[in-house]
Structure formats: C-alpha cells, structure tokens
C-alpha cells in the first residue's frame, strides 16, 4: 500500500533557525571586524578588475598571434620579477606600515593598467610594450603580495584568522566568476582595451578602502635600522629551522607550478580545443571559479579543515586527479563539472596551506615568511610559461594531463613519507601570539 506523505506549512523549528544562524555567523565571522571588512570589499572590486586584465591580456596575445609561445613569453615577463623581488617585498613589509605599502603598490598598478588601456584603445600595442608592462606588473606584485597577506593577521584576532584567510580566498574566487564572465562580454562587444581601462579604475576603490582603515597608535610599525639583506637572511633561517614550516612552503610549490597554470591555458582550451570563443573562455574560467567559491565556503564554515595539514594534502591529491580528468575530457559537457572540481580542490589546498603558515609565523617575521611562500606566485607565471611552451610542442591536453599526474604523484609521496598529515604539531600548529585587531 502506498503511504501518504503529509505536507504541512509548519515553519522551521527554533532549533533549526538557530543552527542556520550559527552556521552563517561562523562562516562570515571575520567580517565583523571593520578593518578586515574594508580590505575584503577592496579586494572584491580590485580583483574583479585584475581578472578583466588577465583574461583580456591572454586573449589579446592568443587572438593576435595564435601562438602559445608568445603567451608563454608574456607570463614569463611577469614571473621573473616576482621570483626576483618577493623576498625583498617581504622584508619591506616587516619594517613599514603594511597598509601604506599597499596604497603605494596599488597606485603604481593603476598607472600601468591605464597605460596598457591607452595603447590598446589607440591601436598601437606592440608585443615589446606589452612585455614591458607585464614586467612592471610583476615587480608591483612582488611587493604587494607580502604586504596584503601579512596585513590580514593585523586585522583580526588569531582565533578568527582561519576564517579570515578562507573569506579572502572566497573573495578572490568570487571575482574569478564575475571577472572572466564580464571580460568575455566586454571583449566580444567593446574589445580588450575596455577591460584594461576598467581594471585601472578598480584600483581607486581599493586605495580608498585602505585609506579608510583605522589603527591604534600601538599597532603602527617601527622601521628597523638593519639592512634588508640581513632581514631576508633572518626570514630564510627561521623558516629553515622550523621543519614543519619548511615543509608547508615546499608543499605550496607543487600545485603552484604543476596545477595553477591551467587558468592561463584555459584560453588555449577555449580557442583550439573546444572552439567556443571569448564567451566560452569566460564560461570555463567562471566554472573553475565557482568550484573555488565552494571550496572557500567549505573552509570558512569548517575552519579546523583549513588548519589541517592532512586535509590540505588530500585536497592536493584530488586537485591532480580532477586536472587529469579535465584535460582529457572529450566534450565540453563533461569538462565543465571536472573543471568545477579542479577549482574547488585547488582553492581548498592553497587556503589551507596559507592558514597553516599564518598560524605558525610570528608577527614581526610574518611578511618575510609569507614572502618565501609567495615566491610561488612567480612560479605560477613560470609554470604557465613552461606548460604553455610544452603545449605548443605536444598539445595542450597532453601537457596539462602530464602536469596533473605529476601533482597527484608528488602529493601522494608527501603524504606517505613526510610529517605533514600525521598527528602532532605538523597537523595543528599553534598560533604564535594574538595579533592586534
């Protein structure tokens, strides 16, 4: 006999409502701190502009020359300055007010964006000029990244730091949805030059939010008289002596070089593999970003996962698995869910790694320690140049599948033979002091 299912209009119980409210409050707890909220809003706007710039630049190079090698060259010009200057940027971030340092870097980035927009809109954007601007942008990034990442710990208490890092990742990846999708529409309707112009305007917002932050006098930094070279050496020595921190830095390099370059090569997948044009490139980029948003929300709601080395390594291995699947997918309908999973595991791995490093780093050395990890941003461009060059030789599918397989194997070896993921200090590092609000 078929049972009847009774449907009622009874509202959710108070217990259910309380549980939902608690989950929502826990997921977005860092936004209760005003200075962090300002940084979060500024990052949301500015990174949307950054993705307009990145997608438009990749499309400009690919559609103009059709050459993966020129795409590789542009990314190489961004990578070399990041690798060369990020340690210096970290040392500077530990001796000056990080907020003001960011205001300077964002102002320079704005001028570079306007210069590129002017060239493209005027119809005179030779490759050499694009390479010069890409190099300048790399130098700016090498100073901005250590300042921004180390500033987060000054804006929230240590107990809220895992949530703040996860929400920062959420913001970055929400913009990966909005930015590429908007870029695809703007490129198709108005051209790449408008994307560069909007990017320049977006920096005005982040400069204003930084200016609006308020700190107690005791939170202001004192300039150190020691040479920068000595500061850099101290940061390197500290990281080398802390075995767990050294392992975390090394783990960060694996997905950075082997996995993250897939974002750059999405332009080649859209142009050559799936033949879906600039709108399709926006779809691919946004699909990966939607997965990343899911991964970031998961860590924001479950901060212990964000501070777990075991979870970080599992995410790393799954990142490799899904990247292989996406690279070899025979049709777009199958590639999209795999790409969504790539985005989710990618951000879950990187956000966990960032949180673990932030929790272990003392405040007076946070910029230098994070700058060592942030060298991997240069490796993103170097990896993009490497895999784009290899794609030109053997094909983009084969190149990215090989990168994903390598990442999978390395993640498994790290899990099996290192301290990370094992019970003890490597699994749940203790915060090193309570940063100022």
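For all residues, glycine too, the Cβ spot is worked out from N, Cα and C.
On a predicted model such as this, the values are computed, not experimentally measured, just so you know.
TrEMBL assigns the feature transmembrane segment to one of the listed ranges (220-242, 335-357), namely 335-357. Feature transmembrane segment, per TrEMBL, maps to range 400-418 of the set 400-418, 419-437.
If you look at the transmembrane segment (309-329), the same-chain residues 6 or more away from its ends with a CB under 8 A from one of its CBs are 248, 251, 254-255, 258-259, 262, 295, 335, 338-339, 341-342, 345-346, 348-349, 352-353, 356, 396-398, 400-401, 403-409, 411-412, 414-415, 420-422, 426-428. In this chain, the transmembrane segment (104-121) lies out of contact with the transmembrane segment (335-357); the count of Cβ pairs under 8 Å, excluding pairs fewer than 6 apart in sequence, is fewer than 3.
Residues of the same chain lying 6 or more positions beyond the ends of the transmembrane segment (283-302) and with a Cβ under 8 Å from any Cβ of it are 23, 26-28, 51, 55, 162-163, 166-167, 169-170, 172-177, 179-181, 183-184, 262-263, 266, 269-270, 274, 276, 315, 335-336, 339-348, 351-352, 355. Sequence-remote contacts of a segment are chain residues at least 6 beyond its ends whose Cβ falls under 8 Å from one of its Cβ atoms, and for the transmembrane segment (104-121) they are 46, 49, 53, 57, 60, 129-130, 133, 136-137, 140, 143-144, 147, 191-194, 196-197, 199-200, 203-204, 206-207, 210. When averaged over the domain 'Major facilitator superfamily (MFS) profile' (35-419), pLDDT in the model lands at 84.
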